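Q: Got a structure for you, written out below as structure tokens; questions coming shortly.
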Amino acid sequence: MSTERGTPTLREAWRSGAARLRQAGVEEADADAELLLLYLLGIGKTEWLRDMREPFPHHHLARWESLLAKREKGVPVQYVIGDQHFYGRAFEVTEAVLIPRPETELLAEAVLRLGDELFGGPGEGGPVVLDVGTGSGALSVTLAAERPEWRVIASDLSKDALAVAKRNAANLGVGDKVTFAQGDLLTPFLAGAGGDYPAIDILVSNPPYIPSADIEELQREVRDHEPRLALDGGEDGLNPYRAMAGQLSGLERLPRVVAWEVGAGQAEDVAGLLRSAAKWDDVYFVKDYAGIDRHVIAIRK
Ligand code: GLN
């Protein structure tokens, strides 16, 4: 196909879009412009590489402008296109939920491994897992999809987040495998709360852990667009851990595994909270890709 005079190619549209984003202070301007363009055109990487010299379809122009304008204003590219990949699956994200982060995949991986080790591998029945503050459902849906024999419960304080998590569970084929609960931290699951949930074997959570005063200093994408409820961990950022550690003894029985994501520099304090709340055979840390102690794991063998 020959290019009409004045009509840019897809590649040219990408380059000029990226230049606009860079001008607006977007760090990953090339990658983001590419994601937006592929989303706009509804094509994958293969077609993109094959067709970059084709003309940019004129009827897409208004939509292209509006996608770029949102990203220029600081809306994270995942909210603009409405999805983020996590553990090999595409999760819908809206501004009601935190965008799942790659380091949280390491928490999913650690829980899958521990579940197999302590409760038998695939085909042997499995643990009851509770994901507190499920947000998009990244952790709960991943665990349910990877281990169909596990029983997965997902909770969140936010009803809007739960609606997103439920859609993700349904779209990713585990709609009838994840049980959803609305409420604060462990409150719905305490003995006597009347929730009729089974005893929890594995308690996983990536709770809000940013100290309140630090929120203003976050990148604008995070500060202005990700839900405050998913970020703000109170004065020292440790409130959710403190509260959950305090609630552990109120569960029907103590989980055999607690696996929590923490902020940089919080691992020792969170381990201390867990050690004073219960007796464990082992409490250890899992590092993220940057070498930071990112996940605290406490187990009883
Ligand atoms: N559990 C979700 C995730 O890991 C949401 C976490 C949160 O909102 N703090 O992505």
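A Cβ is built for glycine as well, from the same backbone N, Cα and C atoms used for every other residue.
Automated prediction, rather than curation, is the source of TrEMBL annotations.
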Q: The S-adenosyl-L-methionine site in TrEMBL includes Gly133, Thr134, Gly135, Ser136, Gly137, Asp156. Which of Asn171, Asn206 is also listed there?
A: Asn206
Q: Which Cβ among the binding-site residues (Thr134, Gly135, Asp156) has the fewest C-beta neighbours inside 10 Å?
A: Asp156
Q: Please list residues from the chain of Pro208 (substrate binding site) whose Cβ is under 8 angstroms from its Cβ, counting only those at least six apart in sequence.
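A: Listed in sequence order, they are Gly133, Leu229, Ala230, Leu231, Asp232, Gly233, Gly237, Pro240.
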Q: Over the span of the domain 'Methyltransferase' (129-223), how high is the average pLDDT in this prediction?
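A: Value for the domain 'Methyltransferase' (129-223), mean pLDDT as a whole number: 97.
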Q: Which binding-site residues are spatial neighbours of Pro207 (substrate binding site) here, meaning Cα within 10 Å, out of Thr134, Ser136, Gly137?
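A: Hits: Thr134.
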